[in-house]
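My questions all concern the structure below.
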Amino acid sequence: MVAGSCSSLPGLCPSCFRCRHGTEQSVTAPRAPAPRPWPSRTVKTGVRGAAGAPEPRRLLLGAPVDSDSDTEGGAAGGEAEMDFLRHFFSQTLGLGTQKERLLDELTLEGVTRYMQSERCRRVICLVGAGISTSAGIPDFRSPSTGLYANLEKYRLPYPEAIFEIGYFKKHPEPFFALAKELYPGQFKPTVCHYFIRLLKEKGLLLRCYTQNIDTLERVAGLEPEDLVEAHGTFYTSHCTSALCRQEYTLSWMKEKIFSEVTPKCEKCHSVVKPDIVFFGENLPARFFSCMQSDFLKVDLLLIMGTSLQVQPFASLIGKAPLSTPRLLINKEKTGQTDPFLGMMMGLGGGMDFDSKKAYRDVAWLGDCDQGCLALADLLGWKKELEDLVRKEHASIDAQQAGSGSPNPNPSTSPRKSPPPDKEEARTSEGEKPQ
């Protein structure tokens, strides 16, 4: 499926057009393992099966199994039952795990002080469509300007069909027509993209997980090893035939798209598709391999411009250690799923900004570019960030002028991110403007 909430255009995949939820794209991915079956309450502690196998609970708890245990009384059986319950809830819900509070206050200032401390050395960014809208890339769901509101000319059975793999294989023309309008290279990275680059340059960035396919993270200076493009990328393309799978470059695909020719494989003549994740497709293997190692050592999660509605990307917020602070920079609070339900379904713990038990989650509500500038200001990086944006945008302009190739779509010409409006930005508690 398309990367549901991506804001990218990298391959014009639904990922990049944001997911059908408006920020991320739904994707087919391995389901979380089902919880262990609850042991039968009729089995008594220490009792062996007909084949002499130890009673399952004792194996689970790592308790010794011997002849003495077979004769333990009811009191011991009750204690083992409670041990099992403690183990089950500890493993399933994270109960009993130390939840150390690392932020001195749940504000942007508190996050800033933490980032300046020795405790914060590895930051993971989780980003979606919201970090690219100021570049001129439309979102999915806005009533009049959103992508799905402007697809009538393609005569689709329903808007999301343009990013569904089944429909694409039968009718690829609408997707490639849209791809021409939103093709990567027509947009400049935003303040958010360059803030992530600053994190990299200062040695703080562990990884950036993006739902976007617009490739703006790469344009901003992040290397492939810095990125997990969860919903794919437009950077490469492949033949859709399972027997062929010939690879094609970005320049090859661009030439086909702007010639208004449906890209066909030069070997077998099947349709060639950008490597973006459509509805009905699996996420890249790199998403799962990096996830397993990165989230064991992360010190701060920085979540920007995503609705956190599409799985499995949304579940990443629950993969970090329970003490790891999480900062959301977004136009609205998101990720506040029921903690018990989320853990039981293997989706991780939801964000908690407002309850009395809140201890690590901070929401800064407003435009993503403004939020990054506000954070950079508190960190003492604001001038450095603004200078970087100006320098990189000037370089992009010079390259385009030197190539002598005007923007093929003037209506979506590169735009610089607007300056921060300090009166609009606000903290999750409704405190003074940043």
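Including glycine, each Cβ sits where the backbone N, Cα and C put it.
The structure displayed is predicted, hence computed values, not measured ones.
If you look up TrEMBL, you'll see His231 marked as active site, proton acceptor. Positions annotated as Zn(2+) binding site by TrEMBL: Cys239, Cys244, Cys265, Cys268. Annotated compositional bias 'Low complexity' per TrEMBL: 402-415, in sequence order. Sequence annotations record features per position, and here TrEMBL assigns compositional bias 'Basic and acidic residues' to 418-434. The domain 'Deacetylase sirtuin-type' annotation in TrEMBL covers 101-382. Taken from TrEMBL, the feature region 'Disordered' covers 26-55, 392-434.
Distances, neighbours, how buried they are, the whole picture for these features please.
Other Cβ atoms within 10 Å of the Cβ of His231 (active site, proton acceptor) number 37 in total over all chains.
If you draw a 10 Å sphere around the CB of Cys268 (Zn(2+) binding site), it holds 13 other CB atoms from the protein chains shown.
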Select one residue from Cys244, Cys265: among these binding-site residues, choose the one with the most other Cβ atoms within 10 Å of its Cβ.
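Counting Cβ neighbours within 10 Å, the top one is Cys265.
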Would you kindly give the Cα-Cα distance separating His231 (active site, proton acceptor) and Cys239 (Zn(2+) binding site), rounded to the nearest Å?
18
Could you round the CA separation between Cys244 (Zn(2+) binding site) and His231 (active site, proton acceptor) to a whole angstrom and send it over?
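So the Cα of His231 (active site, proton acceptor) lies 22 Å away from that of Cys244 (Zn(2+) binding site).
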Can you tell me how far the Cα of Cys265 (Zn(2+) binding site) sits from the Cα of His231 (active site, proton acceptor), in Å?
23
Which whole-number mean pLDDT does the model give the domain 'Deacetylase sirtuin-type' (101-382)?
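Here the predicted model's pLDDT, averaged over the domain 'Deacetylase sirtuin-type' (101-382), is 90.
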Can you tell me how many other Cβ atoms are located within 10 Å of the Cβ belonging to Cys239 (Zn(2+) binding site)?
22
